[in-house]
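Trainee: From Swiss-Prot, for reference:
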- 9-16, 56-60, 118-121: GTP 1 binding site (BINDING)
- 202-209, 249-253, 314-317: GTP 2 binding site (BINDING)
- 164-181: compositional bias 'Acidic residues' (COMPBIAS)
- 470-490: compositional bias 'Basic residues' (COMPBIAS)
- 3-166: domain 'EngA-type G 1' (DOMAIN)
- 196-369: domain 'EngA-type G 2' (DOMAIN)
- 370-454: domain 'KH-like' (DOMAIN)
- 162-189: region 'Disordered' (REGION)
- 453-490: region 'Disordered' (REGION)
Amino acid sequence: MVPVIALVGRPNVGKSTLFNRLTRTRDAIVGDLSGLTRDRQYGEAKWQGRSYILIDTGGISGDEHGMDEKMAEQSLLAIEEADVVLFLVDAKAGFTAADQMIAEHLRKRNKRSHVVANKVDNIDPEMARAEFAPLGMGHAIPIAGAHGRGITQLLEAALSDFPRDDDEPAEGEEEEVVAEGEEAKRIPGPSEKDGIKIAIIGRPNVGKSTLVNRMLGEDRVIVYDQPGTTRDSIYIPFERNDEKYTLIDTAGVRKRGKIHEEVEKFSVVKTLQAIKDANVVIFVMDAREGVVDHDLNLLGFALEAGRALVIAINKWDGMTPSERDFVKVELQRRLFFVDFADIHFISALHGTGVGNLYASVQNSFKSAVTRWPTSRLTQILEDAVSEHQPPMVNSRRIKLRYAHLGGANPPIIVIHGNQIEKVPKSYVRYLENTYRRVLKLVGTPIRIEFKGGENPYEGNKNTLTDRQVNKKRRLMSHNKKASKKRRDKK
């Protein structure tokens, strides 16, 4: 499971600066979800093959109401959700009573915590450690967040005990390559043992709990509750038609007979973790509310993670034909960026259309993990280039030479060529659509990556040998004499 790190501390100790520096290591910054969180900011980052979720909390003022109200509003939830807490203090301001109050609270929570002495510019790190020793939380880690000093040591302390990403090859290992002429196949993995992992996500009150209970209904063969490795997510293995599945339920434990949707406490962290751990994401929307910005934010999470996607429009029953037509138009207009995903109109409460989700889950998963040989992908590339060539750049045609598979779930197709940095986005979309159509991919995003060919002689000065210099002089002399003879004849 992806570890969660929370940044806590007084106002203006540099939490946001550190947050920005850490999340800048990846292009995907989750940012604020207006309306879902109050003063907390969520981001994703990666360090030495380890992905992690970062939470930036608002400052804890430390006044008579600060510890109660502020901590209850934002920092308390962040601490509860976190695997590691980074307690930031200001080395320039020194030890304060508010720091002591925060330290006491962290000790009561029994959370793995590190004191981080920020702003050690022009300050002796050893003096900073001694300054905050009375907190009783071990040696402080000195950093200068604004300049990036000490960040490596900080991340080593926070993340060294967590495993590398499952899909990240360990150092010295190479990714499996499909040999020439080999048939496309599914590569067995953890999902083969536990079944397809399905994360059901969506805004509060759209029917996630109802859908979970409906999918685990009377026709189930095997079902049991098993607490997952996160604080609230529940992993529920079950079978349907001899196929194994595991539901990742972020809505919490509920009684089996209780199928009405309760008002849920939305947790961005639980959703992010469920998406990361899933093979397929079922995204639930409320047909009566249509597409809202929060839906687009959550879809963005799933897209960034590259997970296969199925969209379920819930509460479809009871809507008039005109209302249904309006919703379909809105879906087509606002969800154009996930047009690869199957859309199902369901009623989780009554079970209408729920059974159809399984076929889409199976097809999406198969598309996401199938592998193809290099010869197949290269042939598709050659056909695409033949039908529609890349544009000219500085009077030179962009050359795309061959393609191979770079990863699965999502499929990553690596294309080698020249001037690849100048391939326009429109042509990238053309290639994505071509591969999707020819390979018949459904329900999964696809990523195109380019690699340029290295010129081994680039930067080398062309030095001629003495023999080559003499030969060049003879040729130049011969050309001059020939030119003179031609002029004399005229």
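Each Cβ is built from the backbone N, Cα and C atoms, and glycine gets one as well.
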Trainee: Nearest to Thr57 (GTP 1 binding site) by Cα, among Gly202, Asn205, Lys208, Trp316 (binding-site residues)?
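Mentor: Considering only the listed binding-site residues, the nearest one is Gly202.
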Trainee: What is the separation, in Å, between the Cα atoms of Gly202 (GTP 2 binding site) and Lys15 (GTP 1 binding site)?
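Mentor: Here the two Cα atoms are 29 Å apart.
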Trainee: Just the number: how many Å between the Cα atoms of Lys15 (GTP 1 binding site) and Lys208 (GTP 2 binding site)?
Mentor: 34
Trainee: What average pLDDT is reported by the model for the domain 'KH-like' (370-454)?
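Mentor: Computed over the domain 'KH-like' (370-454), the mean pLDDT is 90 on the 0 to 100 scale.
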Trainee: Binding-site residues Gly9, Asn12, Val120: which have a Cα within 10 Å of Trp316 (GTP 2 binding site)?
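Mentor: Matched binding-site residues: none.
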